[in-house]
Every structure is written in structure tokens, then in C-alpha cells.
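> According to TrEMBL:
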DOMAIN    A:9-522  domain 'Cytochrome oxidase subunit I profile'
TRANSMEM  A:28-48  transmembrane segment
TRANSMEM  A:68-89  transmembrane segment
TRANSMEM  A:110-129  transmembrane segment
TRANSMEM  A:153-179  transmembrane segment
TRANSMEM  A:191-217  transmembrane segment
TRANSMEM  A:237-262  transmembrane segment
TRANSMEM  A:308-332  transmembrane segment
TRANSMEM  A:344-364  transmembrane segment
TRANSMEM  A:384-403  transmembrane segment
TRANSMEM  A:415-438  transmembrane segment
TRANSMEM  A:555-573  transmembrane segment
TRANSMEM  A:579-597  transmembrane segment
Ligand code: HEM
Ligand SMILES: [Cu+2]
């Protein structure tokens, strides 16, 4: 950032954001994109809960209700939770390891645009009035049976977004393996970087199965395939296996970065080194491996037979062990710490009991015989919301408050942050705790309405009130964000005052080349070590300041994705229209042309000169005094 | 573009790198001969089986061929693609994880999907 804010026109700013390959800006794009879809998914959730507030309600029709639950789940997992976590990974992880950017800035931007266009594609289904309606799991017999283009939107939209996710994952892996600053050994990496690493490795292995499954589904629905059609020799169960071979790792891809965020927050605000760092790393890796061995626990009732069920039940329960290790390490990190209850810390403290409850219900469901009772009941809904909202969403909110100053250079209001927490946290438990009992009392999940006199009325009413409270909390947060942005009070390097990791050693937001000179890392909690030694500059440079080589921005990633987006519509309409095939070919050709341009035209990048860096340094110093 | 940087080697470094190169060449050639030998043996075994030479039954040849194939894959990866050299720990971990999943997932499919 040539920190003198140059006044530039709206067009230039827009162009800058469309073409950016800077990891910090892409991080912000991911975060805002994720927030947008979080709002959409949230509105869908509110309508679902309002429909279920009383028995025999007819706020929405049964068909629309199916659309709503499907889009709610799909949006929340693929378009809200993952992108927001990617936002933090992009913005923060390179800073934590002392890198100037991710390994492949161009691919990073491509990953973002694929997410954005994939999400757009999915949601355009609302305009067509033909919306995915077979649940976020889209089980094959049902999804093949679904009329209209709804499921086509699901298959193609997720294919595009999923490709972006895979690219982002590979990019993070290469970045962490190759671009750590001198001295940043694996066992000195902050936990958020570690969890990013393991989650990315899981993406690498889990997303190809999803890609294949979605292609099968696409062929079955749009190109006359019969992979899942048993009347033609296909097998409908394969979809379930493929989906869950992806799906279970996916839930850990979501929760591991959340664990990483909380690990940072705990040690910063307890002002203690993370307890059991080695055990934490080991547990993260172990969870990553075990996460691939348990997918069939989603299919206990399919009829795999007692042997298979027993094996998968035992494997499932094994995951609870490393998870437990983590919980105890967090507790022991807080233990005896000098605790500062800031907003992020509040979320972290709320996370522990909430997530433990979700873990316990998970182990209950992991017991195959019991799962025959629980499966497809509201108990399942309660379980996964306890882990996903009580784990992932709380972590996203914690990360949002914790890293907001680093990403935007302003500090979210603490009082409003705490108000958000209270409304959201109380609302969350109000909504989902009672759903465990709704499950016990026999209410099935994914039902449009229910009849009077089954003893479910009060519980459903309470649940809806809780959802309203969550919505109020979220609204307060949005107000907080808007107010903070308008006030625009700039903050320094380490606004929390207790930062331990490298990102807090540089300005907020950092200059676009991050580090004037690559830092030398001398141990875990790099910045903390410097602070303890009374270092003034807070960074020990590993090299003299020299010219820095940076990549140019590029519009090509967006155009490349646009081609796929167009091809998607072609694939969808080629059966009933004459122009479909042409559009499909045009879209793909367009993408290939952009790929060719990218390959043939080298981007040689440019240099930030030493003089400019020194000048920036000087400006920053002068600004500080 | 001043991307390329020239660093002079000291005589000691030069001779060390020459020795390294020589050693790696020697092992490459040795392994290449071994692989050709294994291939020859494999073909001869099948040829012997086709000509009803006693002792070369199907049940002996097929497992042996698989064993040889595994050895060859290992040699290919470790010697020709240099996985035995330093700095390949991470790629190895990812490859083995992938291979393990690539083995386990189909295994479960044949045992519990199409049982
Ligand atoms: C101790 C760890 C966990 C165990 C033992 C566990 C176990 C289970 C089991 C057995 C099911 C299937 C229940 C059924 O459909 O009958 C399930 C469902 C689910 N779990 Fe977990 N789980 C754990 C952690 C998590 C985490 C960390 C997440 C997400 C962050 C998660 C998300 C989900 C979701 C989304 C479903 C529902 C999928 C669907 O049918 O739509 N779980 N869990
Ligand atoms: Cu699972």
C-alpha cells in the first residue's frame, strides 16, 4: 500500500478489485462474498423456522419448503462457511508464516472467481423458479426424479464452486510447504496455519470424489447417463458413498480452521503459550486422517450389514479422542492465564461447551444401533447445528472480530460485539437445544409442516424464537461493521496489545508486499519472543531490504470463470433447446482461449524498488509519532 | 530480467557435486539394468507358461508378476524420479496418503456396495 491513499475513480477501484491477485484483497473478497451468502442462507433459515412456528402452517408451500432447506444447507456449507474461512486463510496465513503472498496468486484469484460464479449460478435458480430441492445431500434417486432444472443448478453450480475450492486448497498447501520465512519450521507454525494446512490437504483428497459424483449426476440428468439409475444397471447407493466420502471430510475441513482460530484467540487473550502445542498439532493431523475413514456412519440405516456398521461405528468414535485432546488443551491454556474477556475471547469461551455438546451427540449417533432411532430425526439437525454453528460459525465471528483490525485497519466496537454475542449465543441454544428432544419425540427432519396434538408445538415455537434472537444478533453485527467503517478510526500494528504471531508485527492493513524484509523466525509465537526481548522493531529481518518482485493483476481469472458459467447454462438447456449445445461449446471455447492467453503471454511482474519501500517505512514511522 | 543469479562454487563444492552426480549416475544405471532384468524374467515366465514348461503354473506366475511390478514401481519412483533424495518427505507423504485412499475406498466399495 503506498500508504498515501490516492484518490482514484470508482471505475479504477472496481477494476483494481476485479483484477487483484493480492492475497489480502482476495481474502476480503472471500469474506464479503461469504457474508453475502450467509445473509441469503440466513433469510432462508428464518423462513423455514417461521413456517414451523405453529402446526399446520402454510406460510410457504411444501415444494418451496424443499427448495428452502436445500438452498439453506448448500449455501451455508459451500458458499458461506467455507469462503469466510478461506477469507481468513488468505488474509492471515501468509502473514503468519512471513510470506509476501500465496504461492500462486493468479490461481488464488481464479479460485475466488470460481466460488463467486458457482454461487451465483446456484442462486440464479431462484430467478428461474426451478430450485434444487433434494436436500444438500441430493441423494440420487430423489435428485434424478426431481423435475425441472433445479438439480442441474445444484450439480453445475457446485462443480464450478468446488473447482475453485480445490484450487484454493492446493494453493495453500504449496504456500505453506514452500514459502515459510527462514526459521519458520513446521513445529513453529501458528495453529491457524497448521489447521489451514491440514484442511487444505483434506480438500485435496476430498474434493475430487465430489467432482466425480457431480459429474455422474450431471451425466445422468443432462447427458443420458445411467450411473445411479438401477433400472438401467446403475446403483443409487454409489452416490451416497461418493457424497459422504467427500462429505465427512468436508465437515472437518470446516471445523479444523475453526479450531485454529480458537487456538490463536485462547492463547492471545489468556496471554499464555498454547498448552500442549505438539499434542494439538498431532491431534489435528490425526483428525485429518481419521476423517476419511468414517463416511459410512451417515449410512448406518442403508443396510450395509452389521460388520460394516460395526467397523465404521468404532472408527467414528475414535475421532472423539483427538478432539477431546484439543478440548483439554484449550482448557489448560486458559487455566492460570491472565484472561482478558474481549469479544473474540467471549466467542471462544462460548464455543467450548457448545462444541462439546455437539461432539457428544455425534458419538451417540456414531453408535450404530442408537442411530437407527436418531437417523433422519430432529436430533440429527440438533447435532450438526451444534457442531457447525457452535463450532464453525462462532469461530468465524470470533475471527471476524479478532482479525478485522488486521484486514481493514479499524477496530469493531467491543460493546456491540458483546451484544451480538449474547443475542446470538442465547438464540443458538434456544433454537437447537430443544431440537434434541423434538428428535426423541419423533419429529422427522425435512418436514414441511406437522400436525397438532403431537406435543411438538411448544418446542417448535421456542426454536423459532431462538432463531429470531440469532437474527437480531447478526443484525447488530452488521450495524457494527457499518458504523466502524464509517468512523474509520485507524489502528496500529497490534491493536489487541497481546498479539503473539507475525501478522501483528506489521501495519494494519499491511503494505501490499507485507514485509519490507523477510522476517527471521526464532521460535513459536515469533512476535512474543521479540516482545519479551524488548525488541523495538518487532521483527528481526532475515535479509537486507532489496527490490521486491511482485505479480501484475489480471482480469483473466474472472473471464475464465465466466466461460464456465456460460457453458453451465448451455449444458443445462441443450436437451430442450437448439441453442444449448452451441452455448455449451462457446463457453468452454471461451475458457480455453483465456487459458491459452494466460499460457502464451508471460506475466513478468514488476519490481517494488528499495527506495519506495524505505519511503513507505519512513511514512509509517512518521504517522506513528 | 535480473532473475538469474550466478553463485561461484568453491573447488571443494565442485568436487563434491561431481562425486554426487557420479554416484547418482551409477545407481541409475544399476537400477536400470535391474529393471530390464526383471522385465526379461517376467516375459520369460509367461513364455514358459504358454509353452507348458512344468513348474510355471498360473498360481506361481501371477503373484510373482505383481511382486515384480511393485518392485519396478518402487524403483521408478525412488531412483528415476529421485524420491530417495533429500527434501521429498512431503511429496512422499501425500503420495502414500493418496495411494492408501485409492486402495481403501475401492476395497470398501467391493466389500459393501456390491457385496
Ligand atoms: C466427535 C465428532 C463427530 C461425530 C462422532 C459425528 C457423528 C455423526 C454421525 C454419526 C452423523 C450421522 C447421523 C445420521 O444421519 O444418522 C453425523 C451427521 C452430521 N454431522 Fe457429525 N459428527 C462429529 C462431528 C461433526 C462436525 C465437527 C461437524 C461439522 C463441523 C459435523 C457435521 C455433521 C453434519 C452436517 C451431519 C448431517 C449430515 C446430513 O445428513 O445432512 N459433525 N455426525
Ligand atoms: Cu460424518
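Cβ atoms here come from the backbone N, Cα and C positions, even for glycine.
Context for these features, please: burial, neighbours, distances.
Tertiary neighbourhood of the transmembrane segment (A:28-48): same-chain residues 17, 20, 59-60, 65, 68-69, 71-72, 75-76, 79-84, 86-88, 90-91, 112, 115-116, 119, 123, 400, 407-408, 467-468, 471, 474, selected by CB-CB distance under 8 Å and a gap of 6+ residues from either end.
When Cβ-Cβ distances below 8 Å are used as the criterion, the transmembrane segment (A:153-179) is approached by residues 70, 74, 78-79, 82, 86, 89-90, 93-94, 97, 99-100, 102-104, 107-108, 110-115, 117-119, 121-125, 128, 130-132, 134, 138, 143, 189, 193, 196-197, 199-204, 207-208, 210-211, 214-215, 217-218, 221-222, 561, 564-565, 568, 571-572 of the same chain, each at least six residues removed from its ends.
With a cut-off of 8 Å between Cβ atoms, the residues of this chain six or more beyond the transmembrane segment (A:191-217) that come close are 85, 88-89, 92-93, 96-97, 138, 140, 143-144, 151, 155, 158-159, 162-163, 165-166, 168-170, 172-173, 176, 225, 227-228, 238-239, 242-243, 245-246, 249-250, 252-253, 256-257, 259-261, 263-264, 274, 277, 280-281, 284-285, 287-288, 291-292, 501.
With a cut-off of 8 Å between Cβ atoms, the residues of this chain six or more beyond the transmembrane segment (A:308-332) that come close are 259, 262-263, 266, 274-276, 279-280, 282-284, 286-287, 290-291, 293-297, 300, 348, 352, 355-356, 359, 362-363, 366-368.
Long-range contacts of the transmembrane segment (A:384-403) within the same chain: residues 31, 76-77, 81, 84-85, 88, 91-92, 251, 254-255, 257-259, 261-262, 264-265, 268, 342-344, 347-348, 350-351, 354-355, 357-359, 361-362, 412, 417, 420-421, 424-425, 428, 431-432, 435, 477, 496, 503, each at least 6 residues beyond the stretch ends and with a Cβ under 8 Å from a Cβ of the stretch.
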> Looking only at residues six or more beyond either end of the transmembrane segment (A:68-89), which have a C-beta under 8 A from one in the stretch?
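Same-chain contacts beyond the flanks: 27-35, 37-38, 40-41, 44-45, 47-48, 51, 60, 111, 115, 118-119, 122-123, 125-126, 131-136, 138, 154, 158, 161-162, 165, 168, 172, 192, 196, 199, 250, 253-254, 257-258, 261, 388, 392-393, 396, 399-400, 403, 446.
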> Against which stretches of its own chain does the transmembrane segment (A:237-262) lie, if we need a Cβ under 8 Å and a gap of at least six residues from its ends?
77, 81-82, 85, 88-89, 137-140, 143, 190-196, 198-199, 202-203, 205-207, 209-210, 212-213, 216-217, 227-228, 284, 287-288, 291-292, 294-299, 302, 326, 330, 348, 351, 384, 387-388, 391-392, 394-396, 398-399, 402
> Taking residues 6+ outside the transmembrane segment (A:110-129), which of them lie with a CB under 8 Å of any CB in it?
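Long-range Cβ neighbours of the transmembrane segment (A:110-129): 26, 29-30, 33, 37, 40, 71, 74-75, 78-79, 83, 86, 149-150, 153-154, 156-165, 167-168, 171, 557-558, 560-562, 564-565, 568.
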> Below 8 angstroms Cβ to Cβ, which residues of this chain, lying six or more residues outside the transmembrane segment (A:344-364), approach it?
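For the transmembrane segment (A:344-364), the nonlocal Cβ contacts are 262, 265-266, 269, 316-317, 320, 323-324, 327, 330-331, 334, 370, 374, 379, 382-391, 394-395, 397-399, 401-402, 417-418, 421, 425, 428-429, 436.
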> Quick check for me: are there 3+ Cβ pairs below 8 Å between the transmembrane segment (A:555-573) and the transmembrane segment (A:579-597), leaving out pairs under 6 residues apart?
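Yes, since the transmembrane segment (A:555-573) and the transmembrane segment (A:579-597) share at least 3 Cβ pairs closer than 8 Å, they count as touching.
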